[in-house]
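So the structure is just underneath, and the comments pick up after that.
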Ligand SMILES: CC(=O)N[C@H]1[C@@H](OP(=O)(O)OP(=O)(O)OC[C@H]2O[C@@H](n3ccc(=O)[nH]c3=O)[C@H](O)[C@@H]2O)O[C@H](CO)[C@@H](O)[C@@H]1O
Ligand SMILES: C=C(OP(=O)(O)O)C(=O)O
């Protein structure tokens, strides 16, 4: 069984570099499908399982991709399939983001209902509502969605009932190649939406207002490949800020953008953590005593749900009682049972958790129930007495580049144990402190799994838009 072993008690010190944002790079790679000419070159692409998954999805649709040294090159001139493979879509919710670009570009798509972290029911009604408003016909059955547009999608006025990140992204991408202007109201405002809009605009698209509640997308006839740098991962940055604070450490989180982390910074300051913002990162200095605070998750610019479990780990070691309210997902307290194995006292009532802080955490065998829960358990383990063994690492590998290597470089007593028998093809590559050679090994493994269509073949198989 693959596991991370942590012996708590080390005070973290030093500098940790933040990787490119998972939640920005996934829609950006999906948006590359919109380019009918030219290559896209995306820099700061983190080596994550989710990135490998979207890479396979794009390759299965006809895109040609190569990855080296955190740069992904994508050619999507020929789309050769409109069907996204079930095996890939079920693994990761963000793979559903190919629906918008495919509908916008070729007017046809067949895709299974998406998978992803088990943190709630996670419907996709708002995505579909947007596509239908733009003229797509949608049918659902046997776990699949089929959508087609007889004519090019038409710009529309769309009001989202919930400010969904994924729906905002999917609709933005579909609308980029639509006929006319789409006005998206109650849009999500996350920094990843802005990053996607910047990339779409660099590709020749016309998106205005990203980062506000109303986004205007003027459809264009053609889009082309573009060069883009992905924003730093604010959730990864926030996780290292918590890791620093929970150990009473002094850590510079290099690359972290303070504007993207305002609610996390504010809560840490309320707890008594010293935060110094600078142009190239954030310094976190913490003393041994922290004050309890209440936390309520909300869409951006509120406190991010993706930081809720890590913040709960920190509240466990602060003085007093804290109330954590999760308003974004209805089932995102699965980490509570695991924390309790480490001597935590938490009571959950619906979407509220009452955290009694100040009790000593003790090492235990725990399992990551989702991506951020895994990171939170590692944070708690850094402070706990004795040894903690964290399993369920396939979740953590979806979203953190070399978490053990990065924490070890800050002085944590942490290592990863890879067991031979669990090495399924997709999880087999050496992720921790992967040298350049391992990166190319990963890429060739992906290429072997998804053979690229060569140019000649592409010319034969190329799918024309439904209205061509
Ligand atoms: C790859 C990615 O970027 N993932 C992030 C994205 O997920 P994701 O895009 O899936 O999250 P959404 O913003 O869509 O979900 C927010 C809420 O809206 C609801 N909803 C969503 C769509 C829909 O059609 N109908 C509906 O009711 C969801 O059930 C949830 O309660 O934003 C979440 C909220 O910040 C983050 O936790 C995820 O890390
Ligand atoms: C919930 C997350 O990811 P996803 O939406 O891909 O499941 C996350 O990044 O914390």
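Each Cβ is built from the backbone N, Cα and C atoms, and glycine gets one as well.
Record features, source TrEMBL:
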{"type": "DOMAIN", "residues": "6-407", "note": "domain 'Enolpyruvate transferase'"}
{"type": "BINDING", "residues": "22, 23", "note": "phosphoenolpyruvate binding site"}
{"type": "BINDING", "residues": "93, 122, 123, 124, 125, 126, 306, 328", "note": "UDP-N-acetyl-alpha-D-glucosamine binding site"}
{"type": "MOD_RES", "residues": "117", "note": "2-(S-cysteinyl)pyruvic acid O-phosphothioketal"}
{"type": "ACT_SITE", "residues": "117", "note": "active site, proton donor"}
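Separating the Cα atoms of residue 306 (UDP-N-acetyl-alpha-D-glucosamine binding site) and residue 22 (phosphoenolpyruvate binding site) is a whole-number distance of 12 Å. The most crowded of the binding-site residues listed here (125, 306) is 306, judged by how many other CB atoms sit within 10 Å of its own CB.
Counting Cβ atoms from all protein chains shown, residue 126 (UDP-N-acetyl-alpha-D-glucosamine binding site) has 20 others lying within 10 Å of its own Cβ. Under DSSP, residue 126 (UDP-N-acetyl-alpha-D-glucosamine binding site) is assigned to a helix (H, G or I) in the three-state scheme. Within the set of binding-site residues 93, 122, 123, 124, 306, 328, 93, 306 have a CB atom less than 6 Å from some atom of ligand 2. Ranked by CA distance from residue 22 (phosphoenolpyruvate binding site), the binding-site residues 122, 123, 125, 126 have 122 at the top as the closest. Cα of residue 125 (UDP-N-acetyl-alpha-D-glucosamine binding site) to Cα of residue 23 (phosphoenolpyruvate binding site): a span of 20 Å. On the 0 to 100 pLDDT scale, the domain 'Enolpyruvate transferase' (6-407) averages 96 in the predicted structure. 93, 122, 123, 124, 125 are the binding-site residues among 22, 93, 122, 123, 124, 125 whose C-beta comes within less than 6 Å of an atom of ligand 1, given in sequence order.
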